[in-house]
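Annotation source TrEMBL lists transmembrane segment at 168-184, 268-292, 351-371, 430-450, 470-493, 505-523, 530-547, 567-595. As annotated by TrEMBL, domain 'STAS' applies to 620-759.
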Amino acid sequence: MGKSLFKNGKLKQNNGVVLTDIYTISDKLPPQDQTGLKNNEKMEANKTKMENDKEKQNLILQSVGDNDAQVVIHRPVYSQAKFDIGFEGSKRPNPTLKETIKQQVKSCKCSNACFTKFIIQLFPFLTIMKGYSLRHDLFSDIVAGLTVGIMHVPQGMAYGLLTQLPPIHGLYVSFFPVLIYFFFGSSRHVSIGTFAVVCLMVGAAVDKNYSKLASAEGITTRAANLTPSTSSITEYTTDAYTQTVSGNNSVTQSIIEEETDVTDPVKLGIAMAVTFLVGCIQFLMGVLHLGFVTTFLSDPLVSGFTTGAACHVFTSQVKHVFGVKMGRYSGPLKLIYSYRDFFSNIPETNLVTLGVSASAIFILAVVKEHINNNPKIKPKLKMPVPIELIMVVLGTVTSHFLKLGEKHNVVIVGKIPTGIPAPTPPPFNYLADVVTDAIAISIVAFAINVSMCKMLARKHDYDINPNQELIAYGFCNVFSSFFSAFCSAVSLSRSLVQENVGCKTQVTGLFSSVLILIVLLVVGPLFRTLPNCVLASIIIVALKGMFRQFTELHRLWWISKIDFGVWLVSFLGTVILDVDYGLAVGVIFSLLTVLARSSRPYSCLLGQLPNTDIYRDVSVYPSAVQINGVKIFRFEASLYFANAENFKHRIYEMTAVNPRKLKTKIQNIKKDSANDTGNSNYNIDLTTVIIDASSWSYIDTVGVKTISQVFTEYERIGVKVLLAQCKSAIREMFVKGHLYESVTENSLFVTVHDAVLSVIQPNSQAHSLEPGSKESVTKASTSRLDADVECIQMNNMNTHERL
């Protein structure tokens with residue numbers, strides 16, 4: 001082996017054997033172009049261009065270091081047909097429906113191993129408990145369980161108010177779902193229970209359906225003269241005030257009595273019906289392996305939606321903070337109507353309630369920001385300061401001794417029942433009225449839950465099963481609906497605290513449930529004098545994390561304007577319309593952006609990087625050289641009905657040749673000229689169009705038809721069209737779509753470089769070699785061996801001689 005030389009763009013050995021078919025293509029023009037270049041000025045321009053290209057090539061060669069590895073390959077030019085024949089290519093495995101059913105039936109055969117696998121998959125805790133270490137895991141789980149249990153008490157009572165139910169129902173949610181999730185959940189670190197957004201959506205469902213279902217039950221609602229939603233003017237009379245609402249037919253209102261110790265059976269029935277149906281939907285999604293549905297809920301969409309929902313949560317607690325009467329609305333513009341009531345009644349603010357709220361918010365914010373989240377103090381704390389529980393105890397004691405409820409009209413929690421409620425089936429006759437609400441809640445809850453599960457699983461290096469998570473959530477909600485517990489979800493704040501204090505497994509949930517059980521059986525009645533404004537303060541301070549999502553707007557604006565738009569539309573849709581409508585608007589807009597991006601994708605022309613077989617976008621790589629007479633077009637999306645017209649438009653535009661217009665022009669010239677030469681090219685510089693299909697993952701019948709039209713229209717004006725790097729799925733669609741009736745299979749090539757070489761050297765020796773033949777394989781093997789030796793020698797050379 002001797003020195004390697006570059007000559008005319010070919011990497012050669014000193015024995016003259018060509019080891020690569022990488023050409024400096026700009027030196028070689030297709031025969032059609034060479035005969036057509038009669039203009040001296042055009043020849044001079046091409047000569048100047050070739051000189052500039054050679055200078056670029058020399059710069060590229062100089063940038064290759066002595067120790068850089070080299071790629072040296074000798075192989076034939078492969079058309080797709082010859083490649084498949086030579087290497088025995090076949091169709092992708094595509095079993096028929098009968099074969100699929102047969103395989104599924106075979107896999108369902110009962111055996112001890114199959115049954116054991118099913119049980120372990122259904123009850124993930126068995127696998128976790130098998131490797132559980134009492135010495136290393138138990139103490140950490142006890143500490144984490146008690147810490148999170150302490151958080152459950154105030155948050156459960158506070159978020160219970162969001163559902164229009166007494167606070168005790170929030171404690172039920174902190175108990176029953178946590179127990180069920182221990183058996184069926186696959187995440188070791190999440191804390192399931194009450195979550196503000198889900199509680200708000202349950203409350204919205206209660207508000208929306210309360211009047212209709214209460215009337216059906218023969219119960220007189222607290223809003224007098226309540227008329228159906230088709231009325232344009234509805235008057236509501238209560239002891240608080242009389243008010244007329246006009247205009248918006250879709251907005252309904254009811255004044256909520258401030259006695260939170262009385263459970264309205266209709267409201268409870270609606271909440272339990274929603275919970276039961278949410279559980280059924282989630283369970284079915286898990287069984288049918290529909291966990292992928294949440295992939296349509298992108299992070300910007302969920303972030304914008306939850307931030308908008310946080311605005312509704314905040315608004316719902318304003319009346320408790322100021323101690324004023326406000327109506328509850330559902331439907332579009334509900335926030336506007338709510339704040340209209342608030343500002344109209346702000347002179348009636350209860351100053352004692354406002355003072356208690358302000359003090360609670362201040363203390364909560366200071367402790368959370370400057371102690372629990374202080375980077376200097378936080379490492380020294382074995383567990384976060386349970387400031388929410390401290391405020392609950394402090395507010396209860398203060399209210400009891402100062403008699404805030406009796407003397408100052410501060411609204412208090414009231415009577416809290418003890419014990420566990422008796423199992424009662426949800427009202428199944430309500431299910432038809434809450435279907436849409438249940439669908440929205442089930443999807444939102446799962447999207448929030450699984451995102452938190454995945455984040456913690458990645459951090460601690462284990463896997464979760466989204467479909468098993470759906471089954472777990474389904475069991476949690478169905479079981480809870482029989483015990484007066486509304487929909488549960490994963491809490492972001494509690495999960496992070498649980499993980500930070502050292503949680504090892506979901507055994508943590510058992511210890512937190514024990515603490516909640518003690519509260520339900522013994523401690524609960526002691527919170528009877530707790531002011532509602534303290535619970536509202538806890539909720540408002542907890543919303544800080546959601547409102548911080550506004551900072552994502554700046555980041556999204558610089559990263560992706562489309563994601564910025566998805567966030568903003570989801571947020572505004574939720575704020576202006578309502579929680580359920582906002583989610584629908586966000587999903588629809590997000591899907592439209594996907595459709596818009598795929599219908600008008602990026603497209604470009606490719607050029608060859610000098611002395612390589614690599615082709616890149618000429619607008620990104622200035623050194624990429626376009627080949628005279630050849631245009632390499634890349635359409636960076638799958639080709640289907642939505643972008644087929646855009647594909648044709650872009651390829652005609654970027655090649656600067658529109659076959660339809662040119663054909664019309666030629667026909668007009670033929671009519672006007674009797675001395676037509678018959679040259680169909682009419683001195684067109686373009687001779688070949690190569691379509692790089694490497695970015696196509698699928699193609700439909702419209703796409704196949706479009707490819708056929710492009711081939712036909714270009715060939716009518718004497719321009720050859722080739723396809724390169726078509727995936728097997730694309731080629732199968734070509735067969736099914738009968739593309740080869742108008743296009744030969746030899747028009748398809750394995751790579752773009754193969755297609756280019758077929759144009760530049762159509763009769764070369766390399767092209768005549770059959771793929772897989774003895775001569776081809778021998779030469780390829782020899783070339784690889786020689787290439788290895790060549791690389792070793794090149795690494796030891798201090799300079800390269802380039803001719």
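The backbone N, Cα and C atoms fix where each Cβ goes, glycine too.
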For the transmembrane segment (470-493): best-contacting stretch of 168-184, 268-292, 430-450, 505-523, 567-595, by Cβ pairs under 8 Å: 268-292
Contact ranking winner - 168-184, 351-371, 505-523, 567-595 against the transmembrane segment (430-450), Cβ under 8 Å: 567-595
Chain residues in Cβ proximity to the transmembrane segment (567-595) (below 8 Å; excluding those fewer than six residues from its ends, i.e. six or more beyond): 197, 200-201, 204, 296-298, 300-301, 303-305, 307-309, 311-312, 330-335, 436-437, 440, 443-444, 552-553, 556, 642
Cβ-Cβ under 8 Å with the transmembrane segment (268-292): same-chain residues at least 6 beyond its ends: 163-165, 169, 202, 205-206, 209-210, 213, 426-428, 430-431, 433-435, 437-439, 441-442, 445-446, 450, 466-481, 484-487
Per-residue pLDDT averaged over the domain 'STAS' (620-759), given as an integer: 88
Tally of residues which DSSP labels helix, strand or coil - the domain 'STAS' (620-759): 64 helix, 21 strand, 55 coil
Folded-back contacts onto the transmembrane segment (505-523), same chain, C-beta under 8 angstroms, at least six residues removed: 125, 128-129, 132, 137-138, 141-142, 144-146, 148-150, 152-153, 156, 171-172, 174-175, 178-179, 181-182, 185, 187-189, 191-192, 418-420, 498
